[in-house]
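Enquirer: Residues annotated as GTP binding site in TrEMBL: 12-18, 40-42, Arg307, 333-335, 414-416. Positions annotated as Mg(2+) binding site by TrEMBL: Asp13, Gly40. Feature annotation from TrEMBL assigns IMP binding site to Asp13, Glu14, Gly15, Lys16, Asn38, Ala39, Gly40, His41, Thr128, Lys142, Thr238, Arg305. According to TrEMBL, the feature active site, proton acceptor maps to Asp13. Annotation comment: TrEMBL describes His41 as active site, proton donor. Taken from TrEMBL, the feature substrate binding site applies to Ala301, Thr302, Thr303, Gly304, Arg305, Pro306, Arg307.
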Amino acid sequence: MGVTAVVGANWGDEGKGKITDYLASSADYVVRFQGGSNAGHTILNEWGKFALHLLPSGIFYQHVQNVIGPGVAVNLQGLVQELDNLARKRVPAPRLLIADRAQIVLPVHVLLDAAEEERLGFEQFGSTRSGIAPFYADKALKLGIQVADLANKPHLLTRIQQNLVLKNVLLQHVYNLPPIDAEELTNDLWNHARIIAPYVSDVSLVLQQALQRKSRIVLEGQLGALRDPDHGIYPFTTSSPTLAGFASVGAGTPAHTITRIIAVTKAYSTCVGAGPFVTELPPEQAQVLRERGGDAGEYGATTGRPRRIGWFDCVATKYGAAIQGATEVALTNLDVLSYLNEIPIATAYQIDGQNITHFPNTRALTRAVPVLEVMPGWRSDITQARRYSELPQKARQYVERLETLIDMPIRLISVGPHREQILYKGS
Ligand code: GDP
C-alpha cells in the first residue's frame, strides 16, 4: 500500500479536510507538508466543529499518528491555541509529531505581511496576513528559525538577532513601525517552545520507518493547484508549493512512494482573496449560493471573509487536477447545488475572440470570459445518499459530464459536511 496525497484542484477551500478526515479512518499517519495557519480545514464530528489551521486532519483519531512536516510554516502561538481548543472541547489528547526541521513563523513575519499589504493598497495580493510570504522569504534567505533552534536559548537569541537586523530597518524606515526587541522575542518563543517540546521529533526518520513497515500514510495539502507559486495564478498565489509533487519534499516521503493522488474540487467554484476568477458570479447570484454553501455558508475558515463564488470551471479544474498528477478526483458540496433548476458549467474560455480549453497564464486569464454549458438541476435533497446509484439521474448526469470535461475519474462524492455524507463511485 503506497502513500496517498490529498490536494486541491482549485483555489483552496475545496473540502480537503473533510476528505482527509474520511481517509484518516483507515490511515496510520496523516502528514501536513506545506503552508501554515493561513488556511483552515473545516471538520465536523462528535466533538463539534473545528477549523484546523496547522493540525493535520487525522487529529481526531486515536489510531492516527499526526505529523507536521518540515515544509510547514509553524506559528507557535496558533498551534498552542489549536491544541488548547481541542482540550477545551474534550477531544482525547492528540498523537502529534512536529518536525525538528520545520521552521517558525515569527510575529515579525505577521507584522511585515500586514504592513506590506497596507503599503500596496489597491494592488494588494489578498494575503491573509498570517506572515506566510515573509516566512518563506526568510527560509530562502537562510534566516529562518528551525524548531530545533528552539532547544538552546543563547543559540536562539543569536539566530533571532541575525534575523532582525534588516527587518528592523524596514519596520522603522519603510513602514514607520517600532523595531522588534530580539531578547523579548526570544523569551516569547522560548516560553511557547516549552509547550510544544514533547511533540518535536525527527519526523523524516519516523516516516522512513513507517514506509518500511508499509504503514498507510496520507499527505494533506493546503490551498490548491491554482495557488501554487510556479503553476498557479502568480502573483495571487501562496508562497509554498501546493502540488502533490512537493508533498514528498515537504513531508519527507520519497516521490515514488506516492501512488494515489486525490485532487479535491467543489461542485461549483469558490475563491478567497484577489486574482482572476473567470466564472465568478455577480454579487446577488453569488450571495444565494454563498449562503447555502459549505456547512455554514461560504466564508473563509481562517479569516471569515466571504468567498467569491462561481460556476464549476472545467478549464481550471482539468488543469489543476492534471498539474497535481491526480489519479482521481473527489467532488465535494454536490448537495449545495440541489436548489437550482439549471446549473451552468464553464467548458472553455474565450480570450480575444478565441475559444481555448487550456488554462492560460495570469495575464491572459484576466481577459478570459467563460463559455458556459447549462446542465439540468435535480431539485431534490441528496444529503442522505450513501451509494452513487442513490443519486438522482440528473445529479449523476452532472457528475459524469464533469468527469468527461476534466478528463479524470471522479471517485469520491461528498453530499454534506459530515463524515458519513460521502459516497464512492466505481468506474
Ligand atoms: P479545505 O481547506 O479544503 O479543507 O476546505 P474548507 O474547510 O476551507 O472549506 C470546505 C467547506 O465545505 C467547509 O465549510 C466544509 O465543512 C464544507 N464541506 C465539505 N464537504 C461538503 C459537502 O459535501 N457538502 C457541504 N454542504 N459542505 C461541505
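Each Cβ is built from the backbone N, Cα and C atoms, and glycine gets one as well.
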Enquirer: If I take the Cα of Pro306 (substrate binding site) as reference, which of the recorded positions Lys18, His41, Thr238, Val415 has the closest Cα?
Expert: His41
Enquirer: Could you tally the C-beta atoms, other than its own, that fall within 10 angstroms of the C-beta of Gly40 (Mg(2+) binding site)?
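Expert: Neighbour count, Cβ to Cβ under the 10 Å cut-off: 20.
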Enquirer: Specify the secondary structure state of Asn38 (IMP binding site) as given by DSSP, simplified to three classes.
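Expert: For Asn38 (IMP binding site) - judged by DSSP and reduced to three states - the answer is coil.
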Enquirer: Scan Asn38, Thr238, Ala301, Arg305 for binding-site residues whose C-beta lands under 6 Å from an atom of ligand 1 and note them, or write none.
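Expert: The qualifying binding-site residues are Ala301.
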Enquirer: Arg307 (substrate binding site) has how many other Cβ neighbours within 10 Å of its own Cβ?
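Expert: For Arg307 (substrate binding site), the 10 Å Cβ neighbour count is 24.
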Enquirer: For Gly40 (Mg(2+) binding site), which of these binding-site residues sit within 10 Å, Cα to Cα: Ala301, Thr302, Thr303, Leu334?
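Expert: Neighbours among binding-site residues, in sequence order: Ala301, Thr302, Thr303.
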Enquirer: Can you list the residues of the same chain, besides Ala301, Thr302, Thr303, Gly304, Arg305, Pro306, Arg307, whose Cβ falls within 8 Å of the substrate site's Cβ centroid?
Expert: Val272, Tyr299, Gly300
Enquirer: If you measure from the C-alpha of Asp13 (Mg(2+) binding site), which of the recorded positions His41, Thr42, Ala301, Gly304, Arg307 fall inside 10 Å?
Expert: His41, Thr42, Ala301, Arg307
Enquirer: Excluding near sequence neighbours, so keeping only residues 6 or more apart in the same chain, what lies with its CB under 8 A of Ala301 (substrate binding site)?
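Expert: Result: Asp13, Ala39, Gly40, His41, Thr42, Ala51, His53.
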Enquirer: Pick from Thr128, Arg305: which of these binding-site residues has the biggest number of other Cβ atoms within 10 Å of its Cβ?
Expert: Thr128
Enquirer: For Arg305 (substrate binding site), what is the secondary structure by DSSP, using just helix, strand and coil?
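Expert: Arg305 (substrate binding site) sits in coil per DSSP, no helix or strand.
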Enquirer: Between Leu334 (GTP binding site) and Arg307 (substrate binding site), what C-alpha distance do you get in Å?
Expert: 17
Enquirer: I need the CA-to-CA distance for Val415 (GTP binding site) versus Arg307 (substrate binding site), whole Å please.
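Expert: The Cα atom of Val415 (GTP binding site) is 20 Å away from the Cα atom of Arg307 (substrate binding site).
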Enquirer: Measure the Cβ-based neighbour count of Thr42 (GTP binding site), defined as the other Cβ atoms within 10 Å of its Cβ.
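Expert: Its Cβ has 20 other Cβ atoms within 10 Å.
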